[in-house]
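Submitted below is the structure of interest, expressed as structure tokens.
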Amino acid sequence: MRTHYCGDLRASDIDKTVTLFGWVDRYRDHGGVIFADLRDRTGRVQIVSDPQRTPESYQAAANLRNEYVIKVEGRVSKRPKESLNPKIPTGEVEIYADSIEILNGVNKQLPFVISSEDAELVREEVRLKYRYLDLRRDRMRKNLQLRHQVVQAMRRYLEDQQNFMEVETPILTRSTPEGARDYLVPSRTNPGKWYALPQSPQLFKQLLMVSGVDRYYQIARCFRDEDNRADRQPEFTQLDMEMSFMSFDEILDLNEGLIAHVFKTVKNIDIPRPFPRLTYAEAMEKYGIDRPDTRFGLELVDVSEIVKDSGFKVFSGAVKSGGIVKVLPIPEATNIISNVQIKPGGELFKEATEAGAKGIAYIRIKDNNELDTIAAIKDNLTDEQKQELIEKTGAKPGHLLLFGAGDTDTVNKSLARLRLVVGEKLGLIDEDKINLLWVTDFPMFEWNAEEKRLEALHHPFTAPKPEDINDLPHARALAYDMIFNGIELGGGSLRIYQRDIQEKVFSTIGLSMEEAYNKFGFLLEAFEYGTPPHGGIAYGLDRFVMLLAKEESIRDVIAFPKTQQASCLLTEAPSTVEPKQLKELHIASTFKPKS
């Protein structure tokens, strides 16, 4: 029976007799004495086999190879001073083996050496195909442990401190195609009918509030059949929460406590509270994006009023067409950002055009506030306009002003992208800094130009602000997103809980009453039986852990992730199925493989 885990042994365990199990991480024969690093999920410890002490264990050790599964019995000893290893927690001790039992060997050549630093250079496709080997690596093991710790911290806070109840909601439910495409599951017992895998437990958690559960949470599995997008998974995990009888501010305060508790428990970091708040309008005005990275400045400045009557048609024409002109003021940019980077073919030009802009206009502020720019701008701005630009942007000698002109969405999108690129170039982003904030007061709806209708910006169950309820198309929502260093960590809202308001929202997004009853009749009926005021939030667990682990991809914090093409290289899912299975489900495939 195991007495200890490998990574738990310390100097306080010296002279204890222990039984360990694990994998051979490294193996070395030093002139008759064999050393092996034994690894389990907690870490590594050095095993020593000396033929002068235990000939039997030495004979077994001589047959060891990397990744053999073994059992070791022995005594914990203090390492000699010259072999202390401060790089690992067990570096003060080693185990003198009394016996070594090989439980299993390795019968094929390893696709990569797990204990080698070169394993980091292995192609991701190989790592995913042999994921069970990849997960043996220290980095991946630590990521899974971190994920476990985050979930445990969430549970302890919600259950022990806030009286939440964990409730499971169905995985097989009905399709309500309002967001991404559903994953559909045919029903064998109800021919011609289909289940959908949930994109979120949204409706069920609201029904739990109608049921009187009061405070609900779930570590929920969710599914979205989205087009191929970098770093998205077709199945993902979220912390899902809903609570009754709580105000907007009370919900935000409770969630700040949750996130602060996770940081303190998992990283021993104290997060200051309350979190700053920005309205959606403020975020778009200052940063051009509704999830701003506030670890650095470089705020955008709207100069539409200054240039609306200028002779430079790019500026004046944009304003007259209902668009805007904004500036990204960049201090001390002279020796870092060249004109070549701004002009066609340059790095910043490419970033702006990829975001939809046609190009970038610029002005450099030289000594005595002289402007260095193209003649078309310099000759078509009055002295008064030039002075107003300098004053409004706070520009000083050495500043570079990057202009975006056009429709509001494109200008904001392109300048927001440039802001991040420039922030990195100037070294303004502190990777160790943690900035958490709320963005609130989102629009209820956005215009879908393709379908020529309004659609819910978040989802159609979000409550409008009371003062906007009589003008729903232009209403602001009682919604809130938590932003972590420019990435959305979670989002939620107060919910609609009156049937008449819910019906008005459905009507606003173009759902007829018949369609609304067909898709959401069970919810509308529930609202007739005493529904409490309620609200909730959901956090993307995969992304949260990725940020805490400082990983670049969420695939590195998920045990068995899918590729960008939504396939599993380990199991080769999705796969074809037997014709008999399709026949039982009354399904005929129309897909014709390419010959």
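Quick reminder: no glycine exception, Cβ is built from N, Cα and C everywhere.
Keep in mind it's a predicted model, so treat the numbers as computed, not measured.
From Swiss-Prot, for reference:
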SITE      His30  site 'Important for tRNA non-discrimination'
BINDING   Glu178, Arg224, His458, Arg495  L-aspartate binding site
REGION    202-205  region 'Aspartate'
BINDING   Arg224, Asp225, Glu226, Gln233, Glu488, Gly540, Leu541, Asp542, Arg543  ATP binding site
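Buried or exposed, and what's around them? Tell me for each listed feature.
Residue density at His30 (site 'Important for tRNA non-discrimination'): 8 other Cβ atoms are found within 10 A of its Cβ, drawing on all protein chains shown.
Assigned with DSSP, the residues of the region 'Aspartate' (202-205) fall into helix, strand and coil as follows: 4 helix, 0 strand, 0 coil.
DSSP classifies Arg543 (ATP binding site) as helix under the three-state reduction. Sequence-distant neighbours of Arg543 (ATP binding site) (same chain, six or more apart, CB under 8 Å from its CB) are Ile487, Leu489, Ile554, listed in sequence order.
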Given the recorded positions His30, Arg224, His458, Arg495, which one's Cα is the least distant from that of Glu488 (ATP binding site)?
His458
Using a 10 angstroms cut-off on Cβ to Cβ distances, just flag whichever of Arg224, Arg495 is the loneliest among these binding-site residues.
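It is Arg224 that, of the binding-site residues Arg224, Arg495, has the fewest other Cβ atoms within 10 Å.
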Based on DSSP, name the secondary structure state of Arg495 (L-aspartate binding site): helix, strand or coil.
strand
What is the nearest of the recorded positions His30, His458, Arg495 to Glu226 (ATP binding site), using the Cα of each?
His458
Determine, using Cα-Cα distances only, which of these recorded positions is closest to Leu541 (ATP binding site): His30, Arg224, His458.
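Out of the listed candidates, the nearest Cα belongs to Arg224.
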Around His458 (L-aspartate binding site), which residues of its chain at least 6 apart sit with Cβ under 8 Å of its Cβ?
Phe442, Ala477, Ala479, Gly491, Ser493
